[in-house]
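S.K.: First the structure, which I've put down as structure tokens, then a few questions once you've had a look.
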Amino acid sequence: MSSYLFTSESVSEGHPDKIADQISDAVLDAILAQDKRARVACETMVKTGVAIVAGEVTTSAWIDLEALTRKVILDIGYNSSDVGFDGETCGVLNLIGKQSPDINQGVDRKNPEQQGAGDQGLMFGYATNETDSYMPAAIHLSHRLVEQQAKIRKKKNSALSWLRPDAKSQVTLRYEDGVATAIDAVVLSTHHDPGVKQKDLIEAVREEILKPVLPAKWLHKGTKFHINPTGKFVIGGPVGDCGLTGRKIIVDTYGGWARHGGGAFSGKDPSKVDRSAAYAARYVAKNVVAAGLADRCEVQVSYAIGVAEPTSISVTTFGTGKIADELIEKLIRKHFDLRPFGIIQMLDLIHPMYQQTASYGHFGRKPKDFTYTDGTGAQHSATSFSWEKTDRAEALRAAAKLK
């Protein structure tokens with residue numbers, strides 16, 4: 001019997017890097033709501049008293065970037081100098097310019113289906129049947145812990161009103177013969193008001209954050225809990241650390257369980273395959289697993305800038321495939337259009353739905369229908385997290401001729 005430990009971590013919406021991600025995606029959403037043909041590459045940096053928003057944008061839309069940035073910061077919970085960062089009074093510096101026409105000529109085409117990739121690169125998608133979300137269990141639980149911290153913090157008349165926005169989680173699982181069997185260790189560090197006793201904080205976090213999230217069947221006498229292990233976390237957020245867009249790419253994806261091509265997601269419109277192709281690869285892998293073709297599946301795609309067709313598609317099922325990996329690859333090529341325009345159409349990506357992806361993971365979330373108003377006042381309907389649908393699983397299973 002093989003036995004090993006595996007660890008993943010997550011961070012809350014109030015973590016400095018996640019503040020930056022959310023601002024970048026809020027800018028993207030505001031532009032896409034007005035201009036579906038926009039090209040956006042938005043980067044943000046936050047530090048004590050200032051948010052710097054930079055990047056390259058080509059659009060006919062106009063947005064109030066300063067007001068938008070302040071709203072994101074305030075909605076997260078940074079609304080007072082006592083907390084260390086205040087969306088009302090912080091400086092907002094706009095350094096956004098235009099996208100290079102050299103990139104535009106490689107991406108835009110008279111025939112939309114021949115739209116080229118916005119850059120070269122390689123992207124991975126992954127899925128596993130060890131959780132209902134088809135995500136590795138360690139990252140799934142890590143996300144839910146910091147999500148619960150935010151939920152309790154924002155709850156009206158919360159008994160834990162002393163919680164502040166910044167938080168981190170980490171979960172270590174024990175695996176026996178490739179199956180998760182127990183939680184070996186949990187780390188939860190949460191930003192808090194001064195004067196909170198460590199004993200009271202530990203008890204409250206156990207009852208209100210850990211207990212509702214962690215599966216009782218995986219907890220045992222030997223499970224180690226590290227709650228604010230330094231004993232104090234009063235200085236947090238952008239005062240404690242500088243935050244940058246795109247610096248939590250493992251948190252955003254599979255917690256280290258699957259490989260990563262290196263490209264970040266937030267602030268990038270769907271013409272950037274760093275984002276759209278990673279979403280498509282997840283969609284493909286999840287449908288392969290949901291179809292029962294494998295227990296685990298990792299899909300890699302790669303692109304050349306200005307070229308529509310992927311330069312490669314490869315599949316590995318880690319020995320769990322019910323048919324050969326080569327046959328799964330052929331099915332993928334037949335059932336999924338992985339050209340940039342094909343991905344955008346397949347997943348219906350040109351909608352303002354990205355800010356909600358910028359915290360608690362881009363994957364393993366439930367698709368959600370929503371409506372929004374564009375720049376002309378017209379109403380539109382869309383589905384966020386469309387890459388989490390398993391609507392092609394049945395066709396894949398039938399094509400594979402599995403009983």
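Quick reminder: no glycine exception, Cβ is built from N, Cα and C everywhere.
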S.K.: Which one of 11-21, 99-109, 374-384 shows up in Swiss-Prot as region 'Flexible loop'?
M.R.: 99-109
S.K.: Among Asp177, Asp241, which is the one Swiss-Prot gives for the ATP site where His15, Asp166, Ala167, Lys168, Lys232, Phe233, Arg247, Lys248, Ala264, Lys268 also bind?
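M.R.: For ATP, Swiss-Prot names His15, Asp166, Ala167, Lys168, Lys232, Phe233, Arg247, Lys248, Ala264, Lys268; of Asp177, Asp241, the listed one is Asp241.
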S.K.: Is it possible to get the count of other C-beta atoms within 10 angstroms of the C-beta of Glu43 (K(+) binding site)?
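M.R.: I get 23 for this one.
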S.K.: How big is the gap, in Å, between the Cα of Asp17 (Mg(2+) binding site) and that of Lys268 (ATP binding site), rounded to a whole number?
M.R.: 16
S.K.: Over all pairs in His15, Asp166, Ala167, Lys168, Lys232, Phe233, Asp241, Arg247, Lys248, Ala264, Lys268, the listed ATP binding residues, work out the largest Cα-Cα distance in Å.
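M.R.: Greatest Cα separation within the listed binding residues comes to 36 Å.
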S.K.: Which has the fewest other CB atoms in a 10 Å radius around its CB: His15, Lys232, Lys268, Lys272, the listed binding-site residues?
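M.R.: Result for the binding-site residues His15, Lys232, Lys268, Lys272: minimum number of other Cβ atoms within 10 Å at Lys232.
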S.K.: For Asp17 (Mg(2+) binding site), which of the three DSSP-derived states applies: helix, strand, or coil?
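M.R.: The residue in question, Asp17 (Mg(2+) binding site), is helix (DSSP, three-state).
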